[in-house]
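Features as listed in Swiss-Prot:
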type: DOMAIN; residues: 3-201; note: domain 'DPCK'
type: BINDING; residues: Gly11, Ala12, Gly13, Lys14, Ser15, Thr16; note: ATP binding site
type: REGION; residues: 196-383; note: region 'UPF0157'
Amino acid sequence: MLRIGLTGGMGAGKSTVARILADLGAVIVDSDVIAREVVAPGTEGLAALVAAFGSDILAADGSLDRPALAAKAFADDAARAKLNSITHPLVGKRTAELIGAAPAEAIVVQDIPLLVENGLAPLMNLVLVVDVPAETRIRRLVEFRGVAEADARARIAAQATDEQRRAVADVLLDNSGPEGAVEQVVRELWERRLVPFERNLRAATPAAPGTSELRVDAERQAQAQRLVARLAVAGGAAAARIEHVGPTAVPDLPARDLLELQIVVADAAAATGLRDALGAAGFPAMSGEGSGALRAAAWHGSADPGRPAVVAVRVEGTPEQRFASALGERLRGDAALREEYLDVARKAEAEAAGSVGAAAGAAFDAVLHPWLAEVAERLLGTV
């Protein structure tokens, strides 16, 4: 099962994207719908709200009078906390039920307006953000929903900023164009990334490596941090720390499109214990341990074809852990070492040219890895 988080600011067109994904076969779990469902007439949720805030929060027909509840529940922090203590567990329980009922091969899209505000992005295998400039969203709310402009501005100001949403976005869906323009983008995303991602997850197979072409990509640092956040949730207390390592950890250094991450653990047993959790987070286990300075207690690879990555789980204090932690810093500060790397990496790029997927990765590694082993011998005495 692939779990996708879908979010966007008010007026961005998130519901439109959700409908397209549903048409393509996704299972949609809409948090707004669930929030209404758990406080419908006759539910334990509504009964708990009445007990907490009084019967005057009910409409004449026995349903929840939302403005009346808001007047009481948002009066102060204590009242808001009381409201959340009632509704959040019920929403969480119902969400878990719906996800649990989905088929094993499902692509589950959780439509969550406050995904960023509630810190839920690392719980998802992938996050889609529907992106529209705030002024455009305000205009849409005023023209198409009849919201007063002052109210629209106030409500948007109370949500996460566009920059905060973009920071968690694995995929940014620009919906600022004409009606219907985003549909083709979503359909291509479904076919090229989401379906293969789910297939890889179900088969416990990492995605094929990315291109071996050397290039600088300003997005890699943010991409790595999103993966680090997911690995931190999956690793829990067993992960002492998680690092972006290797050439892609150096922002201005040309590198192939393969993020390298390292999870540092206390011992080999901890590495073994992470296997299932990392797999569920989108990082299936890989065979082998490697050798020498490139050895790891366990290797995992991203199942996402849109963001190739490898994850080495290494024991704290081992030579291979110390080398991986130090290499990026040395590449940043040692001009001579950078030139060495670039010379070898260009040779590896040439060797991999003409090959694709795993074959290209193997050809690249066959040139790069001996140099890394030699550098490790030089550096380990100093780190």
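Yeah, the Cβs are placed from backbone N, Cα and C, and that goes for glycine too.
Remember, it's a predicted structure, so these values are computed and weren't measured experimentally.
Of all the Cβ atoms in the protein chains shown, 20 others lie within 10 Å of the Cβ of Gly13 (ATP binding site).
Counting only residues at least six positions away in the same chain, the Cβ atoms of Val130, Asp131, Val132, Arg137, Asn175 sit under 8 Å from the Cβ of Ala12 (ATP binding site). Taking a C-beta cut-off of under 8 Å and a sequence gap of six or more, Thr16 (ATP binding site) has these contacts in its own chain: Val130, Asn175, Val182. Within the same chain, residues at least 6 positions away in sequence whose Cβ sits under 8 Å from that of Lys14 (ATP binding site) are Leu6, Thr7, Gly8, Asp111, Pro113, Val130. Counting only same-chain residues six or more apart in sequence, the Cβ atoms lying under 8 angstroms from the Cβ of Gly11 (ATP binding site) belong to Val132, Thr136, Arg137, Ile138, Arg140, Leu141, Arg145, Ala152, Ile156. In the predicted structure, the domain 'DPCK' (3-201) carries a mean pLDDT of 94. Other residues of the same chain near the ATP site, with their Cβ within 8 Å of the Cβ centroid of Gly11, Ala12, Gly13, Lys14, Ser15, Thr16, are Gly8, Val17, Val130, Val132, Asn175.
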